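Note sheet for the following structure.
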Amino acid sequence: MNGDWRRLDKRAVPVAAVTMVGVAFLAGVPSAIGLSGISVGVALAWVLPGAVVVIAAGAGAAWLDWRFTRYQVGAERVEVRSGVLIRNRRSLQRDRIRTVDVTADPLQRVFGVVTVRIGTGEHSKGGTVQLRPVARATGDELRRVLLARVSTSVPADGRLATFDLGWIRYAPLSFLAPALGAAAVGGLFNVADWFGRVEGLVGWAIDLLAGLGLIGAIAVLVAVTLLIGTIGALGFWIEMWWAYRLDREAGGTLRVRRGLFTTRSISVEEERLRGVDVVEALGTRLAGAARVDAVATGLPTTVEDNKADQRTLLPAVPRALADRVAADVLREEVSPTAAVVLSPHPIAARGRRVRWALATVLAGELPLIVLGVLLTEVLLHVAWITAALALPIALVLAVDAYRSLGHGRVGGYLVTRSGTIRRSTVALQRRGIIGWTVRQSAFQRRAGLATVWATTAAGAGAYAIRDVGAETGLAAADAAVPGLLTPFLAPLPDSRPVTDETVAESTAAGEA
Amino acid sequence: MAGEPVATSAAPVQPGAVLLRPPTNPVDRRAVGWWTVNLLIGFAVPVVVLVVLGLLITPARFWLFTPAVVIAFAGLAAVLALPRWWFRVHRWEVTDTAVYTRTGRFWQEWRVAPLSRIQTVDTRRGPLEQRFGLATVVVTTASAKGAVTMPGLARDVAEEIAERLTVTTQAIPGDAT
């Protein structure tokens, strides 16, 4: 593998050709139907040559790409040369390579090829190269060779988690289900529009639901939408997570493999791991489940690489299992996210969340009220009915958001939790903290609160202890990374402190 | 903090009762001039555009002059108040172990970056900053959440800091993650 310049796999050309057949079919069928109004002959005369041109162009481009792309895995660097008119040279230093991800979409699987993405995790654009496609065996070999440089003294300890079909019960609880349902209904109207049958569709639905009255009809429509969405979410989950397994390989690399049609292999070097993020979306949290994401440096952070997708080590599973896998991933007895005793935050933080909830509802209702006063009373009724529904939900979420707040320290980890719709409990290795950012708005100052961000090279770049008591938060930060913040902390009576109002206010609040 | 605040303020501070002190150094006095000119330009451009349009398009004159006057007054207030305000709230400090900055007042922000985690140190000088003999020091760490910046420093001070930080950080091994 070392030294020689190699080509991508030539099967790139048939893969591109088949893809273009699909594109031509999708674009061609509606056009053909549209043109067949004139005559079938005219429709075919326009569409068939068009399809041939599209397919030939796609295959030709793929061939040119294949012809002009070379890559080399040298002792020091990986180099890729590509480009027909403008020659590109990408080169990655081998000791900077952090991730080698292997994916294969269904078409690639049929042809026995894979896409290999090699990343250094640098935020700049030159941090990733993509080899598309190479033979499946070559992909595995690249992954092994490029990640092997890490000390092989760490033994593989095998499987950390294995696919369980029972986890699928959490799939419909995500926000994906209603979104997919709505998308399906939208898609139905779109197809009806191609055939000019929208009125027919609406009329058919009205006839069907006429006996139910307005409320009944709406309930049935919502139920059908949700049902479709649920089926979609189940299918989506199976495609994403089928044959999931999480392994620790020799050298301590964590490897996730999963996927039904598109297979994915995602590797996270252990020495890049700075912690875990246990994520509980509202629905899955109510069902007692949680997802585990890696907090690691060098994972792709560009927009085109789906972030959450790359970081997820474990899909939503029962909370106890999530904690166990998190513990195994971090090589701890008990996951710090479970072992920690979180200190709650001052009650003033609840007031802030309740005010945000009220403001959000008000902002939503204001246009209705204004238009209602100006135009028609109906909107006023809509306003109070929606407010009566939204207000309790908003208040419950606000209180829940407050109860979710917390921070703590356990062993080598700083643990911080926040959020309600997406509650996230982050355990961050204290040695992975590379600085602090303390923010305090005028409102927070009056309430004696501050938000303390631990900055890190990993994951989102910074994790917050939100709306913590100003003194408590700083003390927690100082204790988490001893010495870093200490020179900048001022004891209360000293030279006019920056936040002297904070103390006065929080003292007053504490006594009130 | 419960009990009598008067008594506690004289007594030794309780553990846990901690605050951030302001960084030692203010920005250079000339930064007030730099920010003033910056704001003047920022506000002058829309005002001039609106006035010129108002002179050319007679029927819409009222609708062009009114916002121009509003923007001009807002700009005047900002130009008079903000630079002095910023001068008071922006502070910085470089110790043997860390870079420490404070910005803002309504949204106050303190940032600490240890020297051992600094990746690059740059000085930046825009054309206006050059005029005022100023420079901005930009300190980047491996965090994706952005660099620590120290704007409005005298040029020689900025260069000296950048030099010192570069030497210190190069002496520390590892890739600062």
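Residue positions begin at 1 at the first shown residue.
Glycine is no exception: its Cβ is also placed from the backbone N, Cα and C atoms.
According to TrEMBL, the feature transmembrane segment maps to A:12-33 (among others).
What TrEMBL records for A:39-64 (among others) is transmembrane segment. The list of residues near the transmembrane segment (A:39-64) in space but at least 6 beyond its ends in sequence, with Cβ under 8 angstroms from a Cβ of it, reads 12-17, 19-21, 23-25, 27-28, 31-33, 84.
For the domain 'YdbS-like PH' (A:66-137), the mean pLDDT of the prediction comes to 85. The domain 'YdbS-like PH' annotation in TrEMBL covers A:66-137 (among others).
Annotated transmembrane segment per TrEMBL: A:167-189 (among others), in sequence order. Outside the transmembrane segment (A:167-189) by six or more residues, the chain places 198, 201, 225-230, 232-234, 236-238, 241, 281, 283-284, 286-287, 289, 315-317 with a CB less than 8 A from a CB of the stretch.
Annotated transmembrane segment per TrEMBL: A:209-238 (among others), in sequence order.
For the transmembrane segment (A:356-375), the residues of the chain that approach it from at least six positions outside its boundaries are 382-383, 386-387, 390-391, 394-395, 397-398, judged by C-beta separation under 8 angstroms. Under the heading transmembrane segment, TrEMBL lists A:356-375 (among others).
The transmembrane segment annotation in TrEMBL covers A:381-399 (among others).
Residues annotated as domain 'YdbS-like PH' in TrEMBL: A:414-469 (among others). Mapped onto DSSP helix, strand and coil, the domain 'YdbS-like PH' (A:414-469) counts 9 helix, 38 strand, 9 coil.
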Near the transmembrane segment (A:381-399) in space but 6 or more residues beyond its ends, with Cβ under 8 Å, are 350, 353-354, 356-358, 360-361, 364-365, 368-369, 372, 420-421
Counting only residues at least 6 beyond its ends, the same-chain positions whose CB falls under 8 A of a CB in the transmembrane segment (A:209-238) are 168, 171-172, 174, 176-185, 260, 315
